[in-house]
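**Student:** Annotation source TrEMBL lists compositional bias 'Basic and acidic residues' at 1-17. As annotated by TrEMBL, region 'Disordered' applies to 1-27. Taken from TrEMBL, the feature transmembrane segment covers 108-129, 149-172, 216-235, 241-265, 378-398, 418-441, 453-476, 513-544. The feature domain 'STAS' is assigned by TrEMBL to 568-719.
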Amino acid sequence: MSSESKEQHDVSPRDSAEGNDSYPSGIHLELQRESSTDFKQFETNDQCRPYHRILIERQEKSDTNFKEFVIKKLQKNCQCSPAKAKNMILGFLPVLQWLPKYDLKKNILGDVMSGLIVGILLVPQSIAYSLLAGQEPVYGLYTSFFASIIYFLLGTSRHISVGIFGVLCLMIGETVDRELQKAGYDNAHSAPSLGMVSNGSTLLNHTSDRICDKSCYAIMVGSTVTFIAGVYQVAMGFFQVGFVSVYLSDALLSGFVTGASFTILTSQAKYLLGLNLPRTNGVGSLITTWIHVFRNIHKTNLCDLITSLLCLLVLLPTKELNEHFKSKLKAPIPIELVVVVAATLASHFGKLHENYNSSIAGHIPTGFMPPKVPEWNLIPSVAVDAIAISIIGFAITVSLSEMFAKKHGYTVKANQEMYAIGFCNIIPSFFHCFTTSAALAKTLVKESTGCHTQLSGVVTALVLLLVLLVIAPLFYSLQKSVLGVITIVNLRGALRKFRDLPKMWSISRMDTVIWFVTMLSSALLSTEIGLLVGVCFSMFCVILRTQKPKSSLLGLVEESEVFESVSAYKNLQTKPGIKIFRFVAPLYYINKECFKSALYKQTVNPILIKVAWKKAAKRKIKEKVVTLGGIQDEMSVQLSHDPLELHTIVIDCSAIQFLDTAGIHTLKEVRRDYEAIGIQVLLAQCNPSVRDSLINGEYCKKEEENLLFYSVYEAMAFAEVSKNQKGVCVPNGLSLSSD
């Protein structure tokens, strides 16, 4: 009898129609269209199918000595051999595995094409996102260059594009601005307003003998945060704590990115209007920034405003065309680069900075600056900020890697991805870079343009290298308003999530609420607090789902051994005197009262029955007083209770993943209460963990383990046999013999 494999979980009326494919052929269930309790009963002359007990012998667990276990593990992990050293090196540098096997004829064209296109897109985006991170444009180019090279060496995904990501740039920028203010730098000037920084020591720029200016200190803060975030990510990979990312659900991440997008849009508004405003941080910075914008709206630079509107009119329609015709276009139109070149030429020859005081990018140096260690004195100030940055960075990178690996039929190693993204932050932090991660938009472009391997990342790095060595100074006259428009236009994907809300609501209302709470808290409070609120609220929702889970009575599908919810399906058969109850959640201290109330409500409440019996007994007891020789005797006629129609309750434990001590105590209490009114309680389909908990918790004695049934049908058959043999209910099925 393979009834255990046929047991189905309880489903809601909406979901159950989708689950019909899993039933054997010939079994047809019709969903309930209205709440009806008119179910088909077994005929009284129907006999239960032949009853056969399922007996399974448990595996014997070997007694493991903890000391021996640790020694064995250490010997396995610490011993060194040429083969193990080779595997370790190949595992840490995946490029050594796939590059020697590279199919030049098959892959080179797609990799070169996708690398060129992503590189062209990265040039304007790197410059634009540098402003968002509070850095000079050249540092954004450095960041994208080093990230592409390092991920090529260490990454296991063939398709993701690692580089600048808007949300991380925003978080870096908030930290940089806070530290600039603490160090005494005036936002409106490049020189520090104080000669001494907060720690009391004068900071020197090691490339010269002058005092470190605002730009120098900003990248010092950014690279220090990046270094600490990378250390966190490598540590998470080393200790294999990638499970942290499971607390960041898709709904939470989507809401967080959308909420952060509003903050990004707000931070770029001043560039579109040409306003010179201080950047606000902390709780409510979005509202504060808009208040500052409207208070200074009369100072709008008309040249920047007109430039912004013209760029929007060009970028938005072209981006939409790229997306609409992406299946027909061999490569997307690099409209951002076209706009940057055209705007730079117009600004240069029109002398917009000199004539209209338009804000421009300024000098972008060529070549690379000498490496510099992060500022260790800043670590205590930015260590907490780096936690959220590192978690968001690796969560997005790992999720995108797994998504595209599943799509293209290969596997990625989550821990190696954490190493890769960690070193993409640690190593570049010595070369004046800030935090990177995978980015969805650029990854989609990379995939759609024929990428096969991470060799495309090398091509992207070569494009950026060409810009850094030769072309960068030509962007001197580029208006910052153009860069702000590019940043805002790239937020379309995150802001479009609002269109998906009706579908998300129909699939999962709880996920939609999580999305809204995370989005609003990220936008209205701050990105870090929003992430924390989202995680806490998401975990609360998980607890809430198990606190009040679904429960139902089950009926038998005709001509099968499958049981389903009588509230979800029609034409299910129920056996007189037997009720089968399913609880769809772990049974632990949070929902134990919900379990009892649902069970008592859908079957019978033993406590109320006992109370009713006591009241009936008091009414029916007759007292006879016989006085003989002055002696008064009282005689009571004891009440004989009529047996209940219900004689067995079967609890389907297939959806109970685990029990705690409170859950075991609740089952004991339920069993005792029903036994007191003559109803036996049987447990069916307990998984091994639940069975062990019941035995260790002394729910049943060793010789009573056979009362934990392997299938609901087996338990129902046992109840019928015990009823027929006894003639009356046998409490808890402990004995079938008559007195």
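Using N, Cα and C of the backbone, Cβ positions are placed for all residues, glycine too.
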**Student:** Which one of these stretches, 108-129, 216-235, 241-265, 453-476, has the most C-beta pairs shorter than 8 Å to the transmembrane segment (513-544)?
**Tutor:** 241-265
**Student:** Examine the transmembrane segment (378-398) against the transmembrane segment (108-129) and state whether at least 3 Cβ pairs sit under 8 A, considering only residue pairs 6 or more apart.
**Tutor:** no
**Student:** Using a Cβ distance cut-off of under 8 Å, indicate which of 108-129, 216-235, 453-476 has the most pairs with the transmembrane segment (418-441).
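**Tutor:** Per the Cβ under 8 Å count, 216-235.
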**Student:** Pop the mean pLDDT for the domain 'STAS' (568-719) in here, whole number is fine.
**Tutor:** 79
